[in-house]
Amino acid sequence: MDRKCSVHKRILEYYCCEACICVSCCLAGEHRGHRVELLSEASEKKKETLRKVVEKLRPEREETERGAQRLQERRREVAEKAAGETERVTALFRDIREQLEALEKRLLSDISSQKEKLSLTLTDLMEQLEIKKDELSRKIRHIEELCNMADPLTVLQERESHGAADNEGECDTEEEDTEGADNEVRETADTEGADNKGSHTDISNKQRSYMNPLNPVSKLK
């Protein structure tokens, strides 16, 4: 890293206009008359700003982790519900005539499709959150490394990849994304419930159409 002024070839000692400058730049160069700071003072100010950025990123990462856990729990519930539906439909068709075998297979296929659809959706959302969490962790590690550096010149010349204002926007966006993901899962689950209800009604109707009127309906229940 070059520690000398590219113009005056003197050691960089001051900070002005987001640039490290030498004493000649202050006295006779383009920064003449400007309000300058020592590198150490400017470095401490930048470190303080970076610490605030880290404080804003940590809650965002925690919320991302909580969102991933909620999605994982929801995926488990969907799998259990699908398994229960499969068992119930299988038990129902065990006592139904051979003519209804095709209908039984179709309903089981519908349930399997609902399970696959929800599982794929939840898996995709979880992968997105994991990617987001990894990115946030990488940013935090990078910023913490800057905060732990003793060399003020290295800290000041390191380009910041995140500003405090940007991270405030990212926090809001992440919260909206997590809320949107939960809504999407609830809407898909509601659709599944409506489809299953319609399928069960279809079963009852076809049972009545194939059963002998003299046979007791209660036998199927």
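Numbers here mean position along the shown chain, with the first residue as 1.
Heads up, the Cβ atoms here are built off N, Cα and C, so glycines get one too.
Over in TrEMBL, the protein carries these features:
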type	residues	note
COMPBIAS	167-182	compositional bias 'Acidic residues'
COMPBIAS	183-205	compositional bias 'Basic and acidic residues'
DOMAIN	1-39	domain 'B box-type'
DOMAIN	46-172	domain 'B-box C-terminal'
REGION	59-79	region 'Disordered'
REGION	160-221	region 'Disordered'
Tally of helix, strand and coil residues over the domain 'B-box C-terminal' (46-172) according to DSSP?
114 helix, 0 strand, 13 coil
Per DSSP, what is the helix/strand/coil residue tally across the domain 'B box-type' (1-39)?
6 helix, 10 strand, 23 coil
